[in-house]
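As structure tokens, the structure follows; a few thoughts come after it.
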Amino acid sequence: MSIKGIVVSSGVAFGQALHLNLHHEKIDYRRLPTAQIADEQRKLTQAFKKQKCHLEEGLAKLEVGSDHYDLIEADILFLDDESLLELVLAEVEQLQINAAVAIERVFALQASELEQLDDPYLANRAQDVLCLASRLIARLSGAQHLDLSQMTQPTIILAHDLTPAEFAMLPLEHIAGLVLNTGGLTSHTAILARSAGLPALLSCQFTRAQIHNGDDVVLNGIDGELHLKPSAKTFKKLTELRQQDEAHKQQLLLLKDLPTQTLDGHSVGLLANVGSLNEISHLTDVGAEGIGLFRTEFMLMNTTTIPSEKIQYHFYCDALHLMDGKPFTIRTLDVGADKELPCLNPACEDNPALGVRGIRYTFAHPEILTTQLKAILRAANHGPIRLMFPMLNQVEELDTLFELIELCKVSLNEQEKGFGQLSYGIVVETPAAVINLESMLPRLDFISIGTNDLTQYAMAADRTNPQLTRDYPSLSPAILTLIQMTIDSAKKHNVKVSLCGELASDPIVAPLLVGMGIDELSVNLASLLEVKSAIRASSHQACLAMAQHAHKLKRIEELNLYLTGLSL
């Protein structure tokens with residue numbers, strides 16, 4: 001049996017199916033009757049004991065000193081602290097709340113205290129503490145909890161949906177692939193899967209009745225199929241397909257240290273989109289020339305509080321050290337829509353994609369923006385930083401930003417902390433930004449076109465809705481025109497123009513973008529060498545001709561057929 005899906009990250013993966021539900025039963029926050037307190041405390045004590053035994057059993061199966069061993073051992077030591085259990089028991093008695101609420105309260109406080117520490121290891125333990133709380137609450141409710149930290153076999157995760165924050169919790173070293181019922185090509189979970197090089201299908205309509213935990217499945221991320229218990233013939237075909245895919249990737253590695261230029265010598269900047277220090281450490285693996293988009297919100301996905309200026313400053317300094325002088329482009333906090341962060345408690349909105357997101361959110365919470373700006377300004381003393389702002393539509397917003405930056409500089413001078421010089425840019429991701437760009441360009445050093453949201457807002461099509469994926473693709477004559485308008489405006493003012501949307505990661509489209517006049521492409525790490533290969537296989541004259549012809553096409557189908565035909 002095979003089920004079709006939309007490929008968002010290519011590759012062929014073999015593994016055991018695992019249905020993932022990261023959410024425990026809904027917690028009852030009602031006041032507990034006095035007569036039930038003793039029984040609730042008994043259940044709580046039992047849950048602690050059982051969870052500790054469960055962890056100890058898992059620990060015995062692991063190699064001493066491995067990452068998983070250390071993590072599980074840390075959880076055991078945490079539960080061993082008698083004062084922790086006493087705190088939770090006291091909460092139940094004094095506040096007359098049930099055990100789950102008490103665990104949630106005490107563990108959240110413990111995690112918050114860890115995050116404030118200067119020790120990076122202890123600060124990172126905060127998310128582990130919250131995960132442990134979730135497992136304890138699941139144990140209390142009698143729900144079967146999937147302990148992801150103890151995966152040992154290649155696993156293909158099956159889920160209805162997965163938020164970026166939930167994706168960040170996955171032990172990727174044991175996950176072979178990801179299959180979701182929902183999601184679109186440019187949803188942030190899709191972007192994360194591509195960045196991790198994890199084969200993934202979205203909009204794949206499997207059910208729990210069809211596929212059970214432990215079933216052998218194969219994710220065909222080339223043709224867009226999920227196979228359940230494939231026949232010997234199909235299994236052989238898929239094995240050969242994976243071998244071909246792996247051989248192709250080995251060939252691409254030969255391009256790693258070669259320049260990104262066309263056959264006739266036209267150079268293009270080829271940078272990476274990343275969201276963590278771990279990803280930055282892998283830039284040299286694929287020969288990335290720098291970072292064209294650092295998503296700062298991704299470093300907040302597993303925290304319960306906003307990191308202090310000091311913590312953020314050290315984080316950016318660590319990143320600069322890894323960059324070793326290469327371009328480092330930071331995007332200020334971009335939250336809202338499908339990027340909800342637990343540390344921000346965002347308000348519920350009827351239409352979050354059109355609500356308080358991007359620069360709108362940080363304008364509404366200036367203390368968050370000023371903390372980030374000060375940290376980045378200070379870090380600029382240690383290396384070159386390009387700073388860009390998301391969802392900025394008009395020159396008045398740019399005025400407000402530069403006023404805020406000047407206030408941050410004054411504050412840093414008064415505190416004798418010092419700051420470095422930044423290059424400033426914006427992410428052009430709405431039709432309004434394209435139209436208003438001429439008035440903003442005199443104050444900018446560069447711009448970056450964010451085609452994911454530009455497509456969403458221009459086409460009035462929710463990027464996370466799988467029903468719209470096929471009818472509203474990432475490239476259409478309308479989007480092509482908006483991109484060209486943006487490039488032409490930037491060229492008039494001699495401002496460097498980059499493109500950081502997922503469109504840049506498409507090797508079929510990359511030569512077209514070069515022909516349209518893009519100076520830089522910023523792509524996900526997994527696609528970088530494919531894009532380099534496509535550019536190196538084209539002449540600049542051919543790219544220019546491609547762009548000229550593409551602008552004459554008026555239908556999406558015509559444009560797709562033209563580009564696909566060129567790639568054959």
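Counting starts with 1 at the first residue shown.
Using N, Cα and C of the backbone, Cβ positions are placed for all residues, glycine too.
Given the structure is predicted, the values throughout are model-derived calculations rather than measurements.
In TrEMBL this protein carries:
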ACT_SITE  HIS188  active site, tele-phosphohistidine intermediate
ACT_SITE  CYS500  active site, proton donor
BINDING   ARG295, ARG331, ASN452, ASP453, ARG463  phosphoenolpyruvate binding site
BINDING   GLU429, ASP453  Mg(2+) binding site
DOMAIN    4-125  domain 'Phosphotransferase system enzyme I N-terminal'
DOMAIN    153-224  domain 'PEP-utilising enzyme mobile'
DOMAIN    253-537  domain 'PEP-utilising enzyme C-terminal'
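This view paints the features noted in TrEMBL onto the structure.
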residue: ARG295; record: phosphoenolpyruvate binding site; Cβ neighbours (10 Å): 25
residue: ARG331; record: phosphoenolpyruvate binding site; Cβ neighbours (10 Å): 25
residue: GLU429; record: Mg(2+) binding site; Cβ neighbours (10 Å): 27
residue: ASN452; record: phosphoenolpyruvate binding site; Cβ neighbours (10 Å): 22
residue: ASP453; record: phosphoenolpyruvate binding site; Cβ neighbours (10 Å): 23
residue: CYS500; record: active site, proton donor; Cβ neighbours (10 Å): 29
Spacing of the two Cα atoms, ARG331 (phosphoenolpyruvate binding site) and the residue listed as 'active site, proton donor', in whole angstrom, works out to 11
Length of the line joining the Cα atoms of ASP453 (phosphoenolpyruvate binding site) and GLU429 (Mg(2+) binding site), in Å: 5
Per DSSP, the domain 'Phosphotransferase system enzyme I N-terminal' (4-125) contains 78 helix, 13 strand, 31 coil
DSSP three-state call for ASN452 (phosphoenolpyruvate binding site): helix, strand or coil? helix
Consider the recorded positions ARG295, ASN452, CYS500 and say which one has the Cα lying nearest the Cα of GLU429 (Mg(2+) binding site). ASN452
Please report how many Å separate the Cα atom of the residue listed as 'active site, proton donor' from that of ASN452 (phosphoenolpyruvate binding site), as a whole number. 9
Grab the pLDDT values for the domain 'PEP-utilising enzyme C-terminal' (253-537) and give me their mean, rounded. 89
In DSSP terms, the domain 'PEP-utilising enzyme mobile' (153-224) comprises 15 helix, 19 strand, 38 coil
